[in-house]
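There's a structure below that I have some questions on.
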Amino acid sequence: MRTRIFAVGIGLICVVSVFSVASFALPNEIAYTISAQLDTAKNIITATETVRFTNRTGTTLTELYFHVVPNAFKRGADTKYQQELQRAGIPPALIYASPNDDAFIEIKSVTANGQALAFSIDDTLMRVALQEPLADGQTLELQIEFLNDLLEASPQAQWAATLAVRSGFRNSTYTVTLWYPKVVVYDADEGWNLDKYSFLGEFYGDFADYDVTLTVPANFTIGCTGTILSERVEGTQKLVKIQAERVHDFAWVAGPFYRLEETELPHNIRLRVLSLGLSMTTVSSDAVNFFSERFGPYAYSVVTVAQVTVGGGMEYPGIVMIAGGSTAEIVHELAHQWWYGAVGNDEMDEAWLDEAFATFSEELYDIERLNAPSSARSSYRFREPGIPVLTRADRFPSLRSYAQAVYTKGSGVLWMLRWVIGPETFDRLLREYYARFVYKNATTQDFIAVAEEVSAQELDWFFDIWLRTTKTVDFSLPVGTWRQLEDGQFETRLTILRQGEALAPVKVVLYLRDGSIVETRWDGQQTTAELTFKSASAPVQAEIDPDHDVLEEHRANNTLSFPAFVLQRAICDGG
Ligand SMILES: [Zn+2]
């Protein structure tokens, strides 16, 4: 998701100070075979789904859990999502196109070996009771028949309401996401990860294989996760066979008005752009190439960029949804193909692993590819949000604080880490992290471990402070003197202070009269230090952290001018 900062209180009950920690996902082996028919007269999908599940939890299971997300959108339902909409003051008119419209999933049956299984649904979670315990290593095949009543998105949706709707249709274009029963991740510590669908928290899924057959009107064009194997028209219908391997979700778009542009990219990647008028191919191919070069090759053989009429910019494995069409939106969503898509994470517990990384990547693209100034970095927009980056997404009191902490501060933390360990080491870190966790779910602890290994530095102190606390730092330069030495050189002494409990090394520069610069790096571990510079020219001004490498909010006291120089210059100019 791409978000701009704006104030929408979602009025959650309280904010706990305990930071969130993601446990690691146990690698259950899952394969989905889904056959789905889109009925554009009734705006429903009827589908059968076969789930082949091999238990790799290390324990015997007596039940399976599935996400049934469309239940969140059921009008008037007592779901977490509906409660959040109410608290955020988002009326139904901004979500549903008409008072009669509704959206939900109806599970018609769950069977195994021809026997019906008992199931129950609570909010967006379905529990299926197994007839026989499933031992570790055993495989079970389930059949689920379901109906998905699609939401017709309100044309009035804007701001938060746009972000609140991710699946549905408008103007004959269908955006079908979060639409089928999906096995819940089983975590090492917590067991089933039973997070209900939330306004802010995004997703978490096991990497799995999908064979999907979609039946749509013959004049529809489809964009989807994975690779389209075949398309066959039968009368008024079109059957589209799709395969996707090692992805943690499957999403698709369909409609009669799409213009399809296909481009071959390096590394045998095919770019499919489905447009309703936006020009997206040039930016998309450039972004995919850039991220492939910087982080490692795109993880799949097809990447799809689709303009949508429902919701805002949004990422799904192998496909991104584009609403407005700005370069920033396209680049951000495509960056998620690395951070979210190929390297997955628990987006409720550790949203920064996808949103901060995508924001950082977007800024890196701006600076390195579009020659944006370094002020394009989030570091320049940093304001301490007062709630740690590593807070559960549904515990943020507002969309604004979520964006400030997870996107802006989170990206700023990555830029700061780049300063702490050096840009070349940081580049190696991202490549190594990507290579090691491609097709897997990663945790913050995994990233820290790779960062420490690649940099050969102990970095817990850094991540503890900047991700798990709201501690701040304020540097200042209260005193500075200079004198000319007998050899004609100049010696400048600066006293630097660090206030606040946060720690970071910082760059201190001295601007000289001849236009040159000398600089040093202070480790910032103590509260004060005296720094000595030698230079061939007299100092004009000293400045702490001129490049905003450190997340520091109060910068008015970061510079110190040398009045002696001003006086001297006045005399010279007067002469
Ligand atoms: Zn995003």
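Using the three backbone atoms N, Cα and C, a Cβ is placed for every residue, glycine included.
Sequence annotations record features per position, and here TrEMBL assigns Zn(2+) binding site to His332, His336, Glu355. Summarising the annotation, TrEMBL assigns active site, proton acceptor to Glu333. Annotated domain 'Peptidase M1 membrane alanine aminopeptidase' per TrEMBL: 401-466, in sequence order. Sequence annotations record features per position, and here TrEMBL assigns active site, proton donor to Tyr407.
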Have a look around Glu333 (active site, proton acceptor) and count the other CB atoms within 10 A of its CB, chains all included.
28
For the domain 'Peptidase M1 membrane alanine aminopeptidase' (401-466), jot down how many residues DSSP puts in helix, in strand and in coil.
55 helix, 2 strand, 9 coil
Excluding His332, His336, Glu355 themselves, which residues in that chain have a Cβ inside 8 Å of the centre of the Cβ atoms defining the Zn(2+) site?
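For the Zn(2+) site the neighbour list reads Met1, Arg2, Glu315, Glu333, Ala335, Trp339, Tyr340, Asp354, Phe357, Ala358, Thr359, Ser361, Glu362.
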If you measure His336 (Zn(2+) binding site) to Tyr407 (active site, proton donor) at Cα, how many Å is it?
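Cα of His336 (Zn(2+) binding site) to Cα of Tyr407 (active site, proton donor) measures 13 Å after rounding.
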Distance check, please: Cα of Glu355 (Zn(2+) binding site) against Cα of the residue listed as 'active site, proton acceptor', rounded to an integer number of angstrom.
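Rounded to the nearest whole number, the Cα-Cα distance is 10 Å.
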Check the recorded positions His332, His336, Glu355, Tyr407 for other C-beta atoms within 10 angstroms of each C-beta and report the one with the most.
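Sorting the candidates by Cβ neighbours within 10 Å, the top entry is Glu355.
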Under a three-state reduction of DSSP output, how is His336 (Zn(2+) binding site) classified: helix, strand, or coil?
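In three-state terms, His336 (Zn(2+) binding site) counts as coil.
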